[in-house]
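Colleague: What TrEMBL records for B:12-30, B:101-123, B:144-161, B:167-189, B:232-253, B:273-299 is transmembrane segment. The domain 'ABC transmembrane type-1' annotation in TrEMBL covers B:95-296.
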Amino acid sequence: MNTSQTDALLDVRNLKVEVTTKAGSFFPVNDHSFSVKSGETLGIVGESGSGKSMTAMSLMRLLPKHAAKIRGGSVKLDGRELLTLSEKEMRKVRGADISMILQDPQTSLNPAFTVGDQIKEALKLHAPGGRKTLRERTIDALRRVKVAAPEHRVNSYPGEMSGGMRQRVVGAIAISCRPKVIIADEPTTSLDVTVQAQYLRLLKELQDETGMAILFITHDFGIVANLCHRVIVMYAGRIVESGPVAKIFAKPAHPYTEALISAVPSLHGQKERLTTIPGQPPAPTDIVVGCPFAPRCQYADARCHSEAPPTVAADQSGDHTTSCWRAVEA
Amino acid sequence: MLRYLLQRGASSLFALLIITVIVFSLSQLSGSPVDALLPDDATQEQIDIFIREWGLDQPLWKQYLTFLGNAVQGDFGVSLKWPGESAMGFVLDRMPATLRLGGLAILITLIIALPLGIAAAVYKGSAIDRIAQGFALLGQSMPNFWLGIVLIWIFSVWLGWLPTSGIGSFAHLILPAIAIAWFQISALARLTRSAMLEVLDAEYIKLARVKGVSEWAVVFKHALRNAAVVPLTYFGILAASILTGSVVIESVYSYPGMGWVAIEAIRGRDFPVVQAVIIAYAVIYMLSNLLVDLLYVIVNPRIKHG
Ligand SMILES: Nc1ncnc2c1ncn2[C@@H]1O[C@H](COP(=O)(O)OP(=O)(O)O)[C@@H](O)[C@H]1O
Ligand code: SF4
Ligand SMILES: [Mg+2]
C-alpha cells in the first residue's frame, strides 16, 4: 500500500467500526488502512462527523459501549496486535504505549482532583515508584510542557487554571509515561490562535525530544501544512486520499481534498475563509450508491453516481492514493 | 473552610430564630390559652390571675422575648396532657426512640439506594436499570402510611414474624423503618442514577480511561466523587422527610417517639409540648444540614480555597 509496513510503528489494516442506532446501523470507520512511523506526524483531516474521533477511539479500544463495535481489521503496535488483547492487557497499553489528548481542555480534567494527582495517577499505573520519585516525575512532566512554577502548580485544581494551561496539563498527562504514539483529537480547536500556535510548537518539540509518533486529528488543513508529514483525508467514514503533505498540497488528487485546501485562508493569502464546500455529506444511515462525494462534486459524472470509485495510486511513487474515478482515468 | 462552616452555622441559627417567631405566632393564632388551659367555669378572678401569671397582659413583643428567653433554656412550660412533665423534657425523653428509628431508616435508604443508583447508571438499559426504575415507580406511587399498614398485614398478622406495634426490641424497628425508607430509596436511587449518568458522560471520564484507569476506579473514584454532590444535597431533604415521615409512621405503629408525641399533643391541644416538639425537630433538621455542609467540604476540596 502507500507506506512500507515493515518500519511502521502503528499499523492499521482494513479497520471497520459499526455503529448501531435506532435509525439503523452504519460504518463510521469503513475499511481504514494507514500507518505511522516513529517521529512521524500523520494528519487525519475531514469535516465534522466524518469519523475521525471514532477512528481514534477504536485504536484505544474505547468506543462507546453498546453503540459501536469493531467489526474487523487489525491494529498493530510494534508488531503486536491490539484488537485481540484482553481488556486488562489493553489497559496496560493505554496511557503507557498509546496515549491521547482530548479535544476540550475545559472539561477533560477532573475538577475534583489536583492536576498533580491526575498526572501521578497515570504514572502510578504504568511506572510505579515511591512517593518522592512520583512527585518528581509529575513535576518533570509539567516542566516538559512548559508550565511555569510546576512545583506549585501540582497542587492546583483545574478550575484555577486558564484553558491554555489546562490543555498543557492534558499534554503532560499524555507524555508522562513516554508513550510511543500520541493521538491528538482536535486538541486546539477551542483555544485562541496564539495559544494554539504555542501548543503546536510544543508538540513538535516534544516529538523531537522523544521520537514519538503523533496522530493529529483536525478539520483545519492549515494546521496540517504546519505540523504533519503525511495526511489522510476522510469523508463519510472512508479514507478518500492519503499521501505526503507536500504532494497533496501541490496536487490534491481528490476533489474533496482540493475543496478543503482552498478553504484554508492563510495558504492563499486571503483574510477570510472564502470557500466553504457547498452541500452536506450524506447522513450516516443513508444508503450511498456510487461515490459518496458525488452530490457535492463539481466533476461528478454519470458513473460517479452509479459506481463507487476504487482506491488507486495517484502517481507513480505509490505513496499517494485516492478514491476517485478521475485518478483512474488519468 | 472554618469560615464557611461558621457562616453556615450562623445562617442555621438565624433560621431557627425565625422558626421560634412562627411557633410563637401560631400559638397566638390558635386561640387564647385561657380557653385551652382553664376550666370552662373559671371565675373572672381566676382568669385575671392566670393572665397576670402568664404575662398575657404584656405587649406581644415582650411576650415573645419572654418565650424566646425560656426557649433558649429549653423551658416551654409544663405539659397539659401529661401532667407533671416539663414539655421539652417529655419530648427529649422520646427523642432517642425517634433518632433510632430515623437512623435505621436512613441507613437502609443509603445501603440500598446508592449502590442501586450507581449500578443503574453504569449498566444503563440493562436488567438492573429496569429493576431500579420499576422500584422507583412502585415506591413513589404508594403513600407511606398505606405501605406501613400493608407491611403490618403481611409480616405481623399473616406471617407473624414481627411485632405489629410498640417499642422495645430491634424487631420493633424493622417494619416502621422500612415503611419510612421505602419512598426515600426510590427517590435517592433515581437521583444518584441521573447524577452518575451525567458525570459518566464527561470528557474527564474519557480521559481517565485513556490513561488506563480501571473501570472500577473510573466509577468509584472519578465519577462518584463528582456525582456525590447531588445525593449529598438531597441528604438534607432526606433527613427532613424521614423526620416528617416518622410522624405518620410512628402513629401507624404506635411507636412512642417524637412523632407520636407530636400527634398526641396536637390532639390534646397541649401547646407547650407542640412548641417543644417543633423546635426539637427544627434543631435536628439543622444539625443534619450542618453535617451535610461538613461532608461537602470533604467531598469537594475546592471549597477549602473559596
Ligand atoms: N456515541 C455514538 N453513538 C452513535 N453514533 C455516534 C456516536 N458518536 C459518534 N457517532 C456517529 O459516528 C459518526 C462519526 O463521528 P465522529 O467520529 O465523532 O466524527 P468526527 O470526529 O470526524 O467529527 C458520526 O456520524 C456520528 O454521528
Ligand atoms: S469519483 Fe466522481 S464524484 Fe467522486 S470525487 Fe471523484 S469525480 Fe467527484
Ligand atoms: Mg471528533
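The backbone N, Cα and C atoms fix where each Cβ goes, glycine too.
Curation does not apply to TrEMBL; its annotations are automatic.
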Colleague: Count, for each of B:144-161, B:167-189, B:232-253, B:273-299, the Cβ pairs lying under 8 Å from the transmembrane segment (B:101-123), and report the range with the highest count.
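Modeller: Out of the listed stretches, B:167-189 contacts the transmembrane segment (B:101-123) most.
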Colleague: Report, as numbers and ranges, every residue of the chain located at least six residues beyond the transmembrane segment (B:144-161) whose Cβ falls under 8 Å of a Cβ in that stretch; write 'none' if there are none.
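Modeller: Contacts with the transmembrane segment (B:144-161): 175-176, 178-180, 182-183, 245, 248-249, 252-253.
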Colleague: Apart from its near flanks, which chain residues at least 6 from the ends of the transmembrane segment (B:273-299) lie with a Cβ under 8 angstroms of it?
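Modeller: Result: 1, 4-5, 8-9, 12, 15-16, 19-20, 23, 27, 71, 76, 79-82, 87-88, 90-92, 95, 99, 225, 228-229, 232-233, 235-236, 239-240, 243, 258, 261-262, 265-266.
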